[in-house]
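> The following block contains the structure, expressed as structure tokens.
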Amino acid sequence: MDTSHEIHDKIPDTLREQQQHLRQKESEGCITTLKDLNVPETKKLSSVLHGRKASTYLRIFRDDECLADNNNGVDSNNGGSVTCADKITRSEATPKSVPEGLQVSEKKNNPDTLSSSLSSFILSNHEEPAIKPNKHVAHRNNITETGQGSGEDIAKQQSHQPQVLHHQTSLKPIQNVDEGCISPKSTYQESLHGISEDLTLKPVSSATYYPHKSKADSGYEEKDKMENDIDTIQPATINCASGIATLPSSYNRHTFKVKTYSTLSQSLRQENVNNRSNEKKPQQFVPHSESIKEKPNTFEQDKEGEQADEEEDEGDNEHREYPLAVELKPFTNRVGGHTAIFRFSKRAVCKALVNRENRWYENIELCHKELLQFMPRYIGVLNVRQHFQSKDDFLSDLDQENNGKNDTSNENKDIEVNHNNNDDIALNTEPTGTPLTHIHSFPLEHSSRQVLEKEHPEIESVHPHVKRSLSSSNQPSLLPEVVLNDNRHIIPESLWYKYSDSPNSAPNDSYFSSSSSHNSCSFGERGNTNKLKRRDSGSTMINTELKNLVIREVFAPKCFRRKRNSNTTTMGNHNARLGSSPSFLTQKSRASSHDASNTSMKTLGDSSSQASLQMDDSKVNPNLQDPFLKKSLHEKISNALDGSHSVMDLKQFHKNEQIKHKNSFCNSLSPILTATNSRDDGEFATSPNYISNAQDGVFDMDEDTGNETINMDNHGCHLDSGKNMIIKSLAYNVSNDYSHHDIESITFEETSHTIVSKFILLEDLTRNMNKPCALDLKMGTRQYGVDAKRAKQLSQRAKCLKTTSRRLGVRICGLKVWNKDYYITRDKYFGRRVKVGWQFARVLARFLYDGKTIESLIRQIPRLIKQLDTLYSEIFNLKGYRLYGASLLLMYDGDANKSNSKRKKAANVKVNLIDFARCVTKEDAMECMDKFRIPPKSPNIEDKGFLRGVKSLRFYLLLIWNYLTSDMPLIFDEVEMNDMISEEADSNSFTSATGSKINFNSKWDWLDEFDKEDEEMYNDPNSKLRQKWRKYELIFDAEPRYNDDAQVSD
């Protein structure tokens, strides 16, 4: 150890004074960590040095214990002005890599020992040329990366390793060290050899960079993301002798500052955002599908999570896909009726706008807000598009359906559409019930068929006849779509700026701007213009939050990338099949409306044809049945254009003539046939951007036809979708109300063969229900509107006389009730056969009965009567209003969890006032009374026919209550209701009005066999069934008595 003292004596006095000064400061608690004094940094570092390869702070390692135990001076046995370092590995450097003054003993091949003099020397000479990388250190780093253990895991592992006595020095790196102060080579080597023989240093956890987390450790996701990103920074070279990386040549000791974890992570994220924004990306390797199954690509998953965090934190929308259009899917919870209902979002549904229905909603919002509690929340009016071969083909199909409407076989017959390429496609109308699908309304420069056949050559080998047979299978027909640029009047400004540079500009093609410019007589043209806009704006003024929520939900940006926990393997497989890289789904080029309008391109019809072709060919090749294929095809549409905007000018849909000679596989009829009165000319479709050949007219949509037959599904409901559904609706209205020359709301664009029409967007009343139960009741003694033709008047009057409508003011149009494990359904034709008295009362009771106990009836009846009383008073105050053809929709959840407060509320029956297509407001009657074909006889009074129906419902509900409770008064309070039911349970029974004992917890035999009875026996007074239930027939065979007032059916 004498050699060590000699080395110590050769250190200059100035250096020794500096060391004493440092020891004095450390004893005072000023220095608690190992840091480079050359760096002008005053902040204290954390106790843990973060960063991969220890590169965040000069690659200098320090002891976790902060060297706090040896502050009394330099140990005489150590005798050197050195500090601890770690991970000194076998040197493979050339003699030029290490200065001559330093040669490491061969004893240092132990990775856990180190030379303290060497670290001190490197600190003073860190600007020397880089030393050759150490292969052993790099190999060990790779092993650590594979292990992916956190810094805490490494510390725990090292704590279990054998520990030996560690004589530690308290000296820190000095600020300025002169090379001349270092001892000669031979003397220094001998001292180093002596130290390494006598002392074995313990492992130091902070000398190791923090590697990736292990697969089983999910608590360090943010560190994992940061460490993945460090690879993108230019790495510094690694010192082969000490494992210390030298700094880049651009390093300046006076300006360098240590990056903390947060700042480093933020800078790395920003750098990755900038890297990904570059369009020229290196081609990514897509592994084979089998290899993906065996070993998931965890790196891609980490990068995916990184992208999600960046999009949230940085607000980067460059890789988000803003859909320009959405497809409408059939709504399956519909109860009866001809009107097709489609799902727009999870919260909203839409249907064809008929006559003045939107004006009714907007008028009630302005003038009678107290009635809104009974109405579904109105959102607005949508412009909806559908492609068709031509106007002549559309009317031809309409005539064929109209001529064969009494033939039940024609209702399920597929309608053939002959395309210009002679490829006939039969469209099946079975609803799919699939979730909402986002599409891009971008035209293609090339035929979509050619693109698909190029990607999948095997499709070309399929014979056209096979394609036709495949298309006539269970594939649904092409559905209508809502294009964003057609509906500026309803899009919130916060969303519109994503698509346009001038969101505040007035849209020429919107409902709002065109509604005030129509030429024909409308209800509001005689009044104030501002009032008209308020009453006919096409957008709600009350439910703005719901409107914005629905629009954002539908047109929200979609990121086409693999999810962390789903479809990772599937994504790779389909990318391999399609011959594309994963980056293909995240790149997008948009086109400005100006460029699109000046370019000759295919119209939206090709996009529709492409979707149909993909749908049909998915039967040909099972591998094509995947949503990722559809995404890639849609991505091709958007990638076909260049530009900075995603908004397409509507002019481009007329300017292109290529659709007439390009291959097109599927252009089907729109189920969007909105019927609007002739006074509503041009509200939606009329705009400078449209070339319209529309003819004026009205469709008075009605729920009833003269045909007494209907095709039923398993539950008795027939659900149409697609082309046949809307053709049936049109054929009915054309035959009963209006002729072809009256068609006004359907706008044909001859160049693109697009049908543009109006849909009304409403709240989905079944959204929070698990098993929705509904009873559709047609209210009033008059169902035809003020513009109905003579034939329509006569047919509707005869129908009222034959059913319960004339005597009761209400008739049943549909029933759907959950019975423990299945639905009981009845259609409107069944409702027409229901008689006044016990039959009507039995259907009403069966709707409220849950199939388990009579208690369900007892609880529901008071709630329902209370709502009917409130509704009666509100309708009574609507002087001058007429609710012709309106309905009451009674709804509740048949499978609600009573323990949950929200679900329990859904189990309560709710009265909804719907169907205002033929309703007339007071303003309508005042402004256009002389234009009505059949105006109200007493326009200044309330609708007495509707009020009669409300009173009839209350009459039969009260009749059922009195029988079950022995004429007890109605109980509206929930606490009192619970007390009454508890008292009944204690007495085990309740004596009814007939003297029989009724147990509220028991079933009602009269209702239990409702769905099992034969209707012929049901209507035969001498049948065994009628004799069996004779007592109930006598009890409920009652009818409310009304004066035969002529005003009741005005």
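Any Cβ shown, glycine's included, is placed from N, Cα and C.
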> Have a look at SER159, SER289, SER477, SER589 and find the one that Swiss-Prot tags as phosphoserine.
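Comparing SER159, SER289, SER477, SER589 with the record, Swiss-Prot tags SER589 as phosphoserine.
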> Of SER206, SER441, SER638, SER664, which one does Swiss-Prot label phosphoserine?
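That would be SER664, per the phosphoserine annotation in Swiss-Prot.
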> Among SER580, SER646, SER856, SER982, which is the one flagged in Swiss-Prot as phosphoserine?
SER646
> Measure the Cβ-based neighbour count of ALA774 (substrate binding site), defined as the other Cβ atoms within 10 Å of its Cβ.
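I count 23 other Cβ atoms within 10 Å of it.
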> Let me know how many other Cβ atoms fall within 10 Å of the Cβ of SER539 (phosphoserine).
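There are 22 such Cβ atoms around SER539 (phosphoserine).
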> Compute the C-alpha separation of GLY780 (substrate binding site) from SER537 (phosphoserine), stating it in Å without decimals.
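Between the Cα atoms of GLY780 (substrate binding site) and SER537 (phosphoserine), the distance comes to 29 Å.
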> Within 10 Å of the Cβ of ASP776 (substrate binding site), how many other Cβ atoms are there?
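The answer is 27.
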> So which binding-site residues out of PRO772, ALA774, ASP776, LYS778 end up within 10 angstroms of SER537 (phosphoserine), measuring C-alpha to C-alpha?
none
> By Cβ count within 10 Å, point out the most packed of the binding-site residues listed: PRO772, GLY780.
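Answer by Cβ density within 10 Å: GLY780.
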> Fewest other C-beta atoms within 10 angstroms of its own C-beta: which of the recorded positions SER537, LYS778 fits that?
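Relative to the other recorded positions in SER537, LYS778, SER537 has the fewest Cβ atoms within 10 Å.
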